[in-house]
Amino acid sequence: MQNLLKIGKYELGSRLIVGSGKYKDFQTTKEATLASGSELITVAVRRLNITDPNKENLRDTFKGTNVKFLPNSAGCVTAEEAITTFRLTREATGIDLIKLEVIGDTQKTLYPDVIETIKACQILSKEGFIIMAYTSDDPIMAKRLEDAGAHAIMPLAAPIGSGLGIQNPYNIVFIREAVNLPVIVDAGIGCASDAAYAMELGADGVLTNTAIAGAQNPMMMAEAMKHAVIAGRMSYLSGRIQKRPYATASSPINGMIQF
């Protein structure tokens with residue numbers, strides 16, 4: 001099924017985006033990413049190692065693959081920090097596709113500070129960045145981010161790394177209805193069925209890291225996520241049947257043997 005995910009000027013053949021944290025080494029990160037079929041991997045700017053070419057670099061590990069890098073501003077708590085981070089990153093790498101995240105609660109929930117995120121988005125969009133904005137599952141804030149110049153909205157399903165799955169499915173639907181941008185469900189995905197559910201709700205894609213990296217068999221989970229996202233997307237596009245309170249016979253009664 002040819003169904004490209006378009007984010008700004010970029011087109012991706014896979015609707016699954018993966019993270020790069022929590023793996024034992026860069027090689028395992030690469031193997032799991034390739035098993036997932038993802039064409040986009042998000043990585044904290046500090047792990048891109050843009051200041052010391054003599055240290056191990058994740059980008060070198062992925063040379064020769066079709067995987068693109070999505071730098072993120074993990075650890076930033078103000079708009080100014082995120083803006084500076086991405087300016088330096090683009091200057092060093094030429095990468096303009098970014099995952100903007102400004103964290104409001106760094107101790108317990110890792111929930112985003114959406115007000116600071118909007119401030120950063122307004123400035124970075126004017127500077128030509130292609131912005132995928134991590135946010136809460138609030139449809140009003142999603143619309144504000146669209147107005148601020150975001151190219152994709154990334155609402156959380158649940159707290160980062162929690163594995164709780166989609167806690168507010170109606171909010172994901174409301175966000176999908178509120179914006180005319182790709183909606184990528186981000187954070188809280190725990191297993192393949194969570195990813196499929198997100199896609200069935202109408203999400204344009206899913207981002208997951210911990211569910212793969214923390215699985216007992218990361219390679220198998222990566223492949224499961226690949227198929228789950230495809231299946232969920234196909235299910236959504238197919239159009240599910242209406243829910244009814246009573247049974248509906250699937251076989252006609254005409255022609256039955258008369259007793």
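Cβ coordinates come from backbone N, Cα and C, glycine included.
What Swiss-Prot says about this protein:
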- Lys99: active site, schiff-base intermediate with DXP (ACT_SITE)
- Gly161, Ala187, Gly188, Asn209, Thr210: 1-deoxy-D-xylulose 5-phosphate binding site (BINDING)
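Known features from Swiss-Prot, placed on the structure.
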residue: Lys99; record: active site, schiff-base intermediate with DXP; Cβ contacts under 8 Å, 6 or more apart: Thr42, Leu70, Pro71, Asn72, Ser73, Met132, Ala133, Tyr134, Met154
residue: Gly161; record: 1-deoxy-D-xylulose 5-phosphate binding site; Cβ contacts under 8 Å, 6 or more apart: Leu110, Ala187, Asn209, Thr210
residue: Gly188; record: 1-deoxy-D-xylulose 5-phosphate binding site; Cβ contacts under 8 Å, 6 or more apart: Leu156, Ala157, Ala158, Pro159, Ile160, Ser162, Gly163, Leu164, Gly165, Ile166, Gln167, Asp194
For each of the binding-site residues (Asn209, Thr210), count the other CB atoms lying within 10 A of its CB, then report the residue with the highest count. Asn209
Extent of the 1-deoxy-D-xylulose 5-phosphate binding site in Å [max Cα distance among Gly161, Ala187, Gly188, Asn209, Thr210]: 9
